[in-house]
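Chemist: Just passing along the structure, written as structure tokens.
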Amino acid sequence: MMYKEILIRYGELSTKGKNKKDFIARLRDNIRYSFTDLAPLKIRTERDRMFIETETEERMEQLMTRIPKIFGIQSFSAVASAEKNMDAIKEVAHKIMEQYKEPITFKVEVKRTDKSFPLETHDIQRDVGGYLLTHFDHLTVDVKKPELPLRIEIRDDAAYLMAGVIKGAGGMPVGSNGKSLLMLSGGIDSPVAAYLMMKRGVRLEAIHFFSPPYTSENSLQKVKDLTNLCTQFGARIRLHVIPFTEIQTLIKDSVPANVSMTTTRRMMMKIADQVREEVGALGIVTGESLGQVASQTLESLTAINDVTTTPVLRPLLSYDKLEIIDIAEQIGTYETSILPYEDCCTIFTPSNPKTKPKLEKVEYYESFTEFDELIAKAVRNRETYSYPQKQPKADKFADLL
Amino acid sequence: MIYLDNSATTKVHDDVLASFIQVNNQYYGNAASIHAMGVESNDLLTRARMQVAQLVYAEPENVIFTSGGTESNNFAFYGVAAASKHKGRHIITTAVEHPCVLEAAKRLQQQGYEVDYLSVNAQGVISLEELRDKIRKDTVLVSIMHVNNEMGAIMPIQQAAAIIHDNSRAVFHVDAIQSFGKLPITLADGPDIITISGHKIHALKGSGVLAMKKHVQIEPFIVGGGQEFGMRSGTVAVPQAVAFAKAARMAVEQMPAHAKTYSAWKQQLFQYFESLGDAVNVISPADGAPHIVSVGVQGLKGEILINALQKEGIIVSTSSACSSRQTKTSHVMEAIKVPQQYKDGVIRISFGANNTEADIQKFKQVFTHVMHQLKGEFVR
């Protein structure tokens, strides 16, 4: 096998002075988390970069396909190793360069950490460069702005070679900007909101309202799957499933149909706020987009938001539905989101909800019913799941096929 | 008993049967039901479909499980014809297709379609020139079998596909019932639609697949609950589908190994039959499919040979299982112009995964014995 490790260059965090150490540790942990399903990774961190060692080709492939999704990484490269002699180094350089078939400009960069290596830096440069030029017609040297810098590092244990830089996801390592609680419905929007917040370094926990038997196990499974999908961006996510049937039924029985949806949202927000406090999160994240549905008009948002002073972060507020769908497709949550299972919102939705509910009216209707006890009970009885799951789901069908 | 009639049908592989039984025991929910058992069945069905799709280079949603080869071929004919009425009413197929293609063509002919039948040479292979001559702007369907079931001729599918697609908007259907698992055949080889039958690849009788490219316009001819993406209604036989997927995977995985042993056996039998001189005429072409050897025996009825071999524990068939009960000479043997004296004495030996080298040796021994018995004057 040719490639031995992956070199990771940090994203925005390089500029962050004294917090840098924390950020690097955070990124390292995030990478570990997102590869929980693989055996423990060997990660070596340096001031400006990080190395992940791999042993097998399959694992290398896994890493290369999944690293582009992890926030806080500016770019990365596959690194090959060679024995510390010029013949071996040239042979590996040859293997790397033969992957490029089109004419390309290159340059050999050498870093010689092992000062006992017999050749000086520029000798190595000239030797390898000359060797490659005689073997490949389509290579030309450009020392100022090469399209393909071939980097050779002579370290104590071996020589390392890398070429080609792959763009990372950018952003900041998840967790470097605190923690928030995501309201996850199972639709298209909330996973996208999760993605955008995580990109800015926010660690998430998720909350979902489950109303059996009005909503099925399938719809819950879908939410679990979505939560698991969101962990691909480099963080562990806990999902809190709130038993919501009792409250929803009570709302239906005690509040006029056309404001029941606003009340439902207010109750959800109240529950979310209590869970947020318990788990030590700072804000609440929703996938709301202004005017998308009746509950997302500015009037509705005002009425819903009134139950808490906690910052409610709405990263999708100004996004069009189509823009949201585009992102959902890119991040791979769309297919799961559109699975046709009822969630608690779709079933209890009245046929003519108020698009401009008045806060005072909603408060008035709610004032006849005692919700707080049920809310506390729902919070208490929530079920919590942790993702990514350590054991990938065993494939029970494999033997049959 | 030595079973050498694998082109008629095969014995279900033990592992495939084990899957079939397990699915019947454990995942018997209706794949269209919304309860957990139904969802589980549907998940399993989806997995089976994905596996088949990968083997033929199709998208999963373009793999339709059917009741077998005949249904798949019928579906291709009626389905494509119905969906392309506006494009034309001309169909091309070959003179040596299986009856389930020829009869479907005949029915469409009665409904006003014009059908051209490509002739074949003595090796059973069509002429690409004739195909080029017959293809027209209003040709809507061309159906060519990959491997002939009665004598093993291999049709030039890739070249035919190029001609068809360069000169028409016709859908190219390939009946790959005899070839799947024996020779490489996928949608990447040029066909728009492929038919595969389960029981020819050690899966269950009553299972088959129609796999097609995305763009193919086809109308369902079995309608009802809208299963199989609306293409083939009727509660999906998940156990059959799973068994099919497993058998198909095994067939493709074992194809290189089988091709090698089958070819060696075929060559052995060729040499053996040639050593019998004029008494036996080898009908299968040397470059045909590796698992089919058809020969004509001079002055004997095929049926008598079958019976005599059976008495000695060897099972073979006349040219095909379908035509073996009919008294008339097979249309394939007519088409390749088998000499008169051999025409009535055609038998087909076809190998499968359960055969061994010893079976072939035994066959030769028994055949020699039977020939002595039936033809006194035969001396070797």
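Cβ coordinates come from backbone N, Cα and C, glycine included.
TrEMBL: automatically predicted annotations, no manual curation.
Sharing the features that TrEMBL gives for it:
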- A:61-165: domain 'THUMP' (DOMAIN)
- A:MET183, A:LEU184, A:HIS208, A:PHE209, A:ARG265, A:GLY287, A:GLN296: ATP binding site (BINDING)
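Give me the local environment of each listed feature.
Modeler: In terms of DSSP secondary structure, the domain 'THUMP' (A:61-165) contains 36 helix, 33 strand, 36 coil.
The 10 Å shell around the Cβ of A:HIS208 (ATP binding site) contains 29 further Cβ atoms across the protein chains shown.
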Chemist: Do any residues at least six apart in sequence from A:ARG265 (ATP binding site), in the same chain, have a Cβ closer than 8 Å to its Cβ, and if so which, in order?
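Modeler: Those within reach of A:ARG265 (ATP binding site), by Cβ under 8 Å and sequence separation of 6 or more, are A:SER295, A:SER300, A:ILE304.
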Chemist: Using a 10 angstroms cut-off on Cβ to Cβ distances, just flag whichever of A:MET183, A:LEU184 is the loneliest among these binding-site residues.
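Modeler: Minimum Cβ neighbour count within 10 Å, taken over the binding-site residues A:MET183, A:LEU184, occurs at A:MET183.
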Chemist: Across the whole of the domain 'THUMP' (A:61-165), what does the mean pLDDT come to? Round it, please.
Modeler: 88
Chemist: Look at each of the binding-site residues, A:PHE209, A:GLY287, A:GLN296, and point out the one with the fewest other Cβ atoms around it within 10 Å.
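Modeler: Sparsest of the binding-site residues A:PHE209, A:GLY287, A:GLN296 by Cβ contacts within 10 Å: A:GLN296.
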